[in-house]
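Novice: Starting off with a structure, shown below.
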Amino acid sequence: MKAAQKGFTLIELMIVVAIIGILAAIAIPAYQDYTARAQLSERMTLASGLKTKVSDIFSQDGSCPANTAATAGIEKDTDINGKYVAKVTTGGTAAASGGCTIVATMKASDVATPLRGKTLTLTLGNADKGSYTWACTSNADNKYLPKTCQTATTTTP
């Protein structure tokens, strides 16, 4: 009588290890991209929080507020920060069509490597046509940008 096999053969174990390796090779980069997008969402949230204030000031006196110091109800640029965002700066050159900018800058450390020091710029436009649009540009790779940053959004003054 033949004894029943107990355990796994070396080939079976090698196949399992190979499958785990393939799954890890797919999952790790996907998780890193997810983490980077989550970090960028903080930047978008902090920058978007200033759109109403900047729009209001532009509507009232046609100027673009600069927040290098606390002014016009907007905190100083380095006071507007987060876990991954170093600062959010407002400014720009006022024109009839807008021109005000909100620039959020990522920290140089403790952030996903492809995002270190990258900026997101929201630019006020279309002001001369009765409604404002905020165009979003960034020097970060497009795959990390939130969908709301990939198209202009309209707000009524």
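The backbone N, Cα and C atoms fix where each Cβ goes, glycine too.
Found this in Swiss-Prot, in case it helps:
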{"type": "TRANSMEM", "residues": "8-28", "note": "transmembrane segment"}
{"type": "MOD_RES", "residues": "PHE8", "note": "N-methylphenylalanine"}
{"type": "DISULFID", "residues": "CYS64-CYS100", "note": "disulfide bond"}
{"type": "DISULFID", "residues": "CYS136-CYS149", "note": "disulfide bond"}
Novice: Long-range same-chain neighbours of PHE8 (N-methylphenylalanine), Cβ under 8 Å, sequence gap at least 6?
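Specialist: Within the chain, PHE8 (N-methylphenylalanine) has no Cβ neighbours under 8 Å at 6 or more residues' separation.
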Novice: Please report how many Å separate the Cα atom of CYS64 (disulfide bond) from that of CYS136 (disulfide bond), as a whole number.
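Specialist: A Cα-Cα distance of 17 Å.
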Novice: By a 10 A CB contact count over all chains shown, which of the disulfide-bonded residues listed here is most packed: CYS64, CYS100, CYS136, CYS149?
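Specialist: Compared across CYS64, CYS100, CYS136, CYS149, the most Cβ atoms within 10 Å surround CYS100.
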Novice: Specify the secondary structure state of CYS100 (disulfide bond) as given by DSSP, simplified to three classes.
Specialist: strand
Novice: Can you see whether DSSP assigns CYS136 (disulfide bond) to helix, strand or coil?
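Specialist: Where CYS136 (disulfide bond) sits, the three-state DSSP reduction gives strand.
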Novice: Rounded to a whole angstrom, what is the C-alpha distance between CYS149 (disulfide bond) and CYS100 (disulfide bond)?
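Specialist: Spelling it out, the Cα of CYS149 (disulfide bond) and the Cα of CYS100 (disulfide bond) are 17 Å apart.
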Novice: For CYS64 (disulfide bond), what is the secondary structure by DSSP, using just helix, strand and coil?
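Specialist: It is coil.
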Novice: Roughly how many Å lie between the Cα atoms of CYS100 (disulfide bond) and CYS136 (disulfide bond), rounded to a whole value?
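Specialist: CYS136 (disulfide bond) has its Cα 12 Å from the Cα of CYS100 (disulfide bond).
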Novice: Would you identify the secondary structure of PHE8 (N-methylphenylalanine) according to DSSP, in three states?
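Specialist: Note: PHE8 (N-methylphenylalanine) is coil by DSSP, not helix or strand.
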